[in-house]
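Pulled from TrEMBL, these are the features on record:
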ACT_SITE  His188  active site, proton acceptor
BINDING   Gly24, Ala25, Gly26, Ser27, Val28, Gly29, Asp49, Asn108  NAD(+) binding site
DOMAIN    18-155  domain 'Lactate/malate dehydrogenase N-terminal'
DOMAIN    158-320  domain 'Lactate/malate dehydrogenase C-terminal'
Amino acid sequence: MESPPMPLQAGAADVRSIKIVVVGAGSVGVTTAYALLLDGLAADIVLIDIDTNRAQGEVMDLSHAAHFAQARVRVGDYEDCANAAAVVITAGVNQKPGQTRLDLVKTNYALFEDVVPRIAHHAPDTILIVATNPVDVLTHAAHRLSGFPLERVIGSGTAMDTTRFRHELGKHYGVNPRNVHAVIVGEHGDSQLPVWSLATIAGMRLKDYCQAAGVEYDESKLEACAKRTKEAAYQIIQRKGKTNYGVASVLVSILQPIVTNSDAIVTVSRVGTYGGVEDVALSMPCKLNRRGAHQDVPLLLAQSEQEALRRSALSIKEVLSALEDSPHLVEDQRGNIRAEL
Ligand SMILES: NC(=O)c1ccc[n+]([C@@H]2O[C@H](COP(=O)([O-])OP(=O)(O)OC[C@H]3O[C@@H](n4cnc5c(N)ncnc54)[C@H](O)[C@@H]3O)[C@@H](O)[C@H]2O)c1
């Protein structure tokens with residue numbers, strides 16, 4: 001029996017004509033391709049990787065999963081980005097145990113200098129979605145290297161942290177995370193900030209919810225939720241060496257409103273002015289549709305949160321400035337262009 005067609009919003013593309021390209025067939029890229037297959041969001045999923053043998057193997061395996069979905073998966077090259085609804089960049093070096101995301105910057109920046117212009121050349125109208133870390137710095141780089149308008153360069157940013165935060169708060173209060181409305185904004189990294197002043201459950205601020213539900217409002221326990229959110233990636237990497245399932249689902253949640261033109265609000269990274277700091281990328285809630293992250297949703301932050309957002313913007317800006325001063329590129333034995341650290 002054929003499955004019923006997916007209900008589409010006005011202006012949504014027909015999923016049967018949707019192509020999504022994933023650059024980087026490593027853990028994040030392949031898990032994203034698999035999540036896309038299960039979600040039925042694209043008819044044509046293309047994987048590009050410098051290691052074509054690895055990409056071939058992954059595609060052979062994924063094709064057998066595609067058997068149960070209405071999509072095909074294939075290995076491609078940059079020409080295959082033409083007419084893609086979105087190109088997701090997951091290529092890059094991974095975070096090592098004990099290493100901060102910012103330590104990764106030079107190597108992955110050099111990779112972007114190679115990859116982004118090639119995507120932009122073949123797919124001048126596509127939407128770029130950046131997952132490679134440090135994601136805010138690389139979203140800024142992808143914007144500059146592609147020449148695309150702001151709304152068409154989106155970093156997965158704190159969409160991941162926001163998901164983890166809602167998970168933590170839901171667990172703490174014994175409420176389904178879908179009923180917790182709370183966001184992490186700023187850097188996808190150490191300077192991120194939880195927006196406590198706007199966090200709600202069932203439409204009530206946390207303090208009011210606690211009073212109404214007769215549960216304890218304990219700020220130290222909430223701070224522990226935020227700490228676990230911030231340290232989740234480190235904790236997972238320490239145990240299994242990488243993170244992949246959460247981020248893949250988050251990437252699909254970013255692609256979904258783009259393909260279905262549904263104006264969902266997602267906390268993603270975009271180039272802009274934040275906390276008075278110009279030309280920096282960090283995450284704030286944005287409306288997403290087929291035009292990309294086309295509208296910021298400004299938050300009425302408390303004074304202390306505004307100051308924390310500014311500090312977050314400044315810490316990302318510092319890395320951007322350091323990068324502009326000193327990229328020293330070298331070629332490694334596999335012919336990859338890398339920056340000397
Ligand atoms: N934003 C997030 O929330 C989030 C979460 C997890 C991981 N990440 C980041 O995603 C990136 C990938 O992580 P992973 O676990 O998939 O790593 P991985 O090592 O498993 O995969 C990386 C892939 O990139 C490929 N690659 C390297 N150079 C390339 C090039 N020039 N062109 C095309 N492909 C190239 C490699 O061959 C490899 O297959 C890392 O930067 C990691 O920190 C981000």
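Quick reminder: no glycine exception, Cβ is built from N, Cα and C everywhere.
All annotation found in TrEMBL is predicted automatically rather than curated by experts.
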Including all protein chains shown, what's the count of other C-beta atoms within 10 A of the C-beta of Val28 (NAD(+) binding site)?
28
The rounded CA-CA distance in Å from Ala25 (NAD(+) binding site) to His188 (active site, proton acceptor) is 22
Row Asn108 (NAD(+) binding site), column other C-beta within 10 angstroms, all chains, value 25
Any same-chain residues 6+ apart from Asp49 (NAD(+) binding site) with CB under 8 Å of its CB? Would you list them in sequence order, or say none?
Val23, Gly24, Ala25, Gly26, Gly29, Ala55, Val75, Ala91
For Ser27 (NAD(+) binding site), what residues in its own chain, 6 or more apart in sequence, show a Cβ-Cβ distance under 8 Å?
Asn94, Lys242, Asn244
Quick one: DSSP breakdown of the domain 'Lactate/malate dehydrogenase N-terminal' (18-155) into helix, strand and coil?
69 helix, 25 strand, 44 coil
Looking only at Gly24, Ala25, Gly26, Ser27, Val28, Gly29, Asp49, Asn108, the residues listed as binding NAD(+), what is the longest Cα to Cα distance in Å?
16
Counting across all protein chains shown, how many other Cβ atoms sit within 10 Å of the Cβ of Gly24 (NAD(+) binding site)?
24
According to DSSP, folded down to helix, strand and coil, what is His188 (active site, proton acceptor)?
coil
Candidate with sparsest Cβ neighbourhood (10 Å radius) among Gly26, Gly29, the listed binding-site residues:
Gly26
What is the interatomic distance between the Cα atoms of Asn108 (NAD(+) binding site) and His188 (active site, proton acceptor), given in whole Å?
16
Express the distance between the Cα positions of Val28 (NAD(+) binding site) and His188 (active site, proton acceptor) as a whole number of Å.
16
Summarise the model confidence on the domain 'Lactate/malate dehydrogenase C-terminal' (158-320) as a single mean pLDDT, whole number.
96
